[in-house]
Amino acid sequence: MQPRRPDRFDGLEYRGTSWGRGEGDPPPYQSSFPARSFSSSGDLSQHWVTTPPDIPGSRNLHWGDKSPQYGGADSNAGPPAFGEENSNSANSGEQLNRFAGFGIGLASLFTENVLAHPCIVLRRQCQVNYHARNYQLSPFNIVNIMYNFTKTQGLRALWKGMGSTFIVQGISLGAEGILSEFTHLPRELNHKWNPKQIGGHLLLKGLVYVIVTPFYSASLIETVQSEIIHDNPGILDCLKEGMGRVLNLGVPYSKRLLPLLVLTFPTVLHGILHYIVSSTVQKCVLFFIKKKSPPRLPADGSNTVQNKLEDYFPELIANFAASLCADVLLYPLETVLHRLHIQGTRTIIDNTDLGHEVVPINTQYEGLKDCINTIKREEGGLGFYKGFGAVVVQYTLHAIVLQITKIIYSSVVQTSS
């Protein structure tokens, strides 16, 4: 039986009144509602009909059905709304994004500062050891020396001076920020650079290296001195020794100690050249990687980790190649720089030929030029590359860690998708 459809519905005869046609006053029971003006046209498309209130569960019911109540046992949970699905996928993608970024950054920080430090210790000890007959150019010799040091002095001997290297990095970053604020020299170069900006940026870097020079010298001493003779230095000894070097206070040094003015030029030269080479190589590697990689479409939340890998790993590879090229090209200058810094400090280092015993450092260089000529005359051209095998070991470990990190996160992508 079909329900009888009314012949006419004008909102409970609302339009039949004179007020509905805009001709009279509103009835008393509607005086509290705002007045609305309606045209007197009889077009049904202009009729105003109020909708019933939205009663939960009252939609799509058949004859005799009851409206289900909220929280009832018989109510079935419907599928999530479209916005809810997007928000859930966005939240999971955000978590994967943070996890990927944190993990990749932590792996890079661990590799560059912790895992590479034993190689830096061995490299510096070989560079300043002018007594050495074995130049340690092979990575296998470096591994053998590491084993001998560990057997005689323990694992601590391979990570000595690591705290002072962090202090030097902190001083460098702090000095760069303060100088940039007061001198308005650019800390970074944008894409639309000009020669004036490059000059100001390199000037800022040079001023930072001038400030860091005494603390770098103190950190170098902590890195190369033997654990057999000296006690383990404190965390702030680097700051104390650096300030003592500036103010001519603290432990008396030898007369062969070079003044800071003599050490400043090679330190600034090495720092600026290292920065220029590494920045140039990094930009070139990133350019070629992005040029060869295909354009990427916007991905869903399941591919956020893969996208993060594609964003981060080209930068890590570029940083790896930049540091490698800069260290290899400037290795001879670094050898000269370290010998100038260590001269006259009465430092006793480990014997890198045997892996045990100690040897003193008693050089008499007069400056940068004299040091270069003396090394060339007494040790030959390969004397500038003493300890180069440590560079091979360092960057081999770095490459292995990068590859392992990439494999781990690729497996995470496959399991999450």
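A Cβ is built for glycine as well, from the same backbone N, Cα and C atoms used for every other residue.
The compositional bias 'Basic and acidic residues' annotation in Swiss-Prot covers 1-13.
The region 'Disordered' feature in Swiss-Prot is assigned to 1-90.
Residues or ranges marked as compositional bias 'Low complexity' in Swiss-Prot: 31-41.
Taken from Swiss-Prot, the feature repeat 'Solcar 1' applies to 95-186.
Per Swiss-Prot, the feature transmembrane segment maps to 102-122 (among others); the stated evidence is sequence analysis.
Counting residues 6+ beyond its ends, the transmembrane segment (162-182) has Cβ neighbours under 8 Å at 113-114, 117, 120, 204-205, 207-208, 211-212, 215-216, 218-219, 222-223, 233, 235-239 in the same chain. Residues or ranges marked as transmembrane segment by Swiss-Prot on the basis of sequence analysis: 162-182 (among others).
Summarising the annotation, Swiss-Prot assigns transmembrane segment to 198-218 (among others).
Same-chain neighbours of the transmembrane segment (257-277): 202, 205-206, 208-210, 212-214, 216-217, 245-246, 322, 325-327, 329-330, 333-334, 336-337, 340-341, 343-345, 365, 367-368, counting only residues six or more beyond its ends whose CB sits under 8 Å from a CB of the stretch. Under the heading transmembrane segment, Swiss-Prot lists 257-277 (among others).
The repeat 'Solcar 2' annotation in Swiss-Prot covers 310-415.
Among the features that Swiss-Prot reports, transmembrane segment is placed at 313-333 (among others). Away from its own ends, the transmembrane segment (313-333) comes close to residues 104, 108, 112, 266, 269-270, 273-274, 277-283, 285-286, 289-290, 293, 384-385, 388, 391, 395, 398-399, 402, 406 of its chain (Cβ-Cβ under 8 Å, at least six residues beyond either end).
Taken from Swiss-Prot, the feature transmembrane segment covers 382-402 (among others). Beyond its flanks by at least six residues, the transmembrane segment (382-402) meets 107, 110-112, 115-116, 119-120, 122-127, 129, 132, 135-143, 313, 316-317, 320, 323-324, 327-328, 331-332, 335-336, 352, 375-376 of its own chain at Cβ-Cβ distances under 8 Å.
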Residue counts (helix, strand, coil, in that order) that DSSP gives for the repeat 'Solcar 1' (95-186): 75 helix, 0 strand, 17 coil
